[in-house]
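Beneath this line is the structure, given in structure tokens, with notes to follow.
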Amino acid sequence: MNGDGSLEGGESIQKHADRGKPSSKKRWRKCPQKPPWTDPLSWNERLADVVTPLWRLTYDEQLELKQKHQERILSQLCGYLSGDLHSQPPSPVRSKLRFPVLTVLPSPVRDGYRNKSTFSVNRGMDGNPKTVGFYVGTNRMGNIVCVNGDHLLNMPEKHKLVARCYQEFIRLSSLEPCLLFHTGGHWREITVRTNTKGQTMAIVYFHPQMLTPEEVAVHKAELVDYFMRGPGSVCELDSLFFQESTMTRCTHEESPYELLHGQPHIYEEVLGFKFRISADAFFQVNQAAAEVLYGKVRDLCVPNHEEGEGRTKVGGTLLDVCCGTGAIGITTSPRVDRIIGIELIEQAVEDARHNAALSNVLNCEFIPGKAEVVLPRLMSQLSSAGGSVVAAVVNPARAGLHHSVVQALRNQTSIRRLVYVSCKPDGEAMRNFRELCCAPDPRKKLTGEAFSPTLAVPVDMFPHTPHCELVLLFER
């Protein structure tokens, strides 16, 4: 699955972003940097152009733009496959599409769809360092301005409300914000997570600097009082977490999330299955579009024909490689005999097992470890047991699959069908596509029969931005 960090799924809110330009159908080209104050646009427009670059277009125009962009990327893949794939570097010539590219599947929700947002703290337009919002400008040019996101189309009102209340709280606090770690200060970002039922979780990040635990405890108590009994109670938080961090990003293992108030988890449903969301768990930022995405992935992994009013169970085994917290495997589980998920991060494996148990899914097995180590041993076991593999599915982070994982997939001859989900197909995923489809190459240890792309389905997970997810089916 895609790595979460603070933002998921191939789309990002750029907290340290350069100033944007008004959107157009040539929005993909990088514009030369200029100081924000030379731009006649308002601060709100500048931020909208960074976070939601397509906000000026109608939704139909956005989908048309994304369709053409995905087709350009895939025509480049066809160019690679038509040329000499062993040349260094391979020629990025575009070629006529050799397989169908379906029309972009639209997001059922277009505004306020984000279920997770991370707001920064920095100097605002008026110079107040206790401003909560998103960055416009760059550290390098020294022109960062923090602008609140109340006008952003992809932000739900609840997220905006929590951000406004957090800004009021830190302005009332005697502690300074932590703008740069080496210059002191304490209050940092806040992350807001919500579900379709309206439950809300907030995670406040705090740099202790030289404060004693007793001193920190005083400010944690003030935070709880503000959000539970003070003006912040309007947010109706179901969970309030606190993380002391001396680094920009800390895992739960490096610095535990402390539950100050409420429930440790909120829950969400996708295609009738229940998923637990903890403070740092990965979950697609657009729940409604996630149902579209996972439904399409399920159909491509295990094509299912209707018989009367029911559906035929195909049987066999689906390999969910880089399975994350198990969403693809769990939502596909009714169609096959067995799901085997492989995931490097042990915490994600624990979440996946818990998520399967939540919906009483009994045919899912999740294995921690490196896919390149687990896969060959697993395939040998399946073969000796006479088990049939229906397909494999991969949904890696932006960095794509490690070459050794591609080798393991490519060299397992019983995998005849592979579904690749990518949030950035023109990045490292393109390298993966070429390695899956090139002629056998012993030098690269790619000895198995080549795959061929046979169908592409773009899914719009991120309205008002240029990004979308691409589901690509490979067969051999």
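Cβ coordinates are placed from backbone N, Cα and C, and glycine is handled just like the others.
Curation does not apply to TrEMBL; its annotations are automatic.
Summarising the annotation, TrEMBL assigns active site, nucleophile to Cys423. Here TrEMBL flags Gln284, Glu343, Asn395 as S-adenosyl-L-methionine binding site. Per TrEMBL, compositional bias 'Basic residues' is recorded for 22-32. Annotation comment: TrEMBL describes 1-35 as region 'Disordered'.
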Practice problem: Between Glu343 (S-adenosyl-L-methionine binding site) and Cys423 (active site, nucleophile), find the distance joining the two CA atoms and give it rounded to the nearest Å. | Solution: 18
Quiz item: Whole-number Å distance between the CA of Asn395 (S-adenosyl-L-methionine binding site) and the CA of Cys423 (active site, nucleophile)?
Solution: 9
Exercise. Have a look around Asn395 (S-adenosyl-L-methionine binding site) and count the other CB atoms within 10 A of its CB, chains all included.
Key: 24
Self-check item: Site extent for S-adenosyl-L-methionine, whole Å (max Cα pair distance, Gln284, Glu343, Asn395)
Solution: 17
Quiz item: Cα distance, Cys423 (active site, nucleophile) to Gln284 (S-adenosyl-L-methionine binding site), nearest Å?
Solution: 11
Quiz item: Once the chains shown are all counted, how many other Cβ atoms turn up within 10 Å of the Cβ of Glu343 (S-adenosyl-L-methionine binding site)?
Solution: 26
Self-check item: Other CB atoms, at most 10 A from the CB of the residue listed as 'active site, nucleophile'
Solution: 22
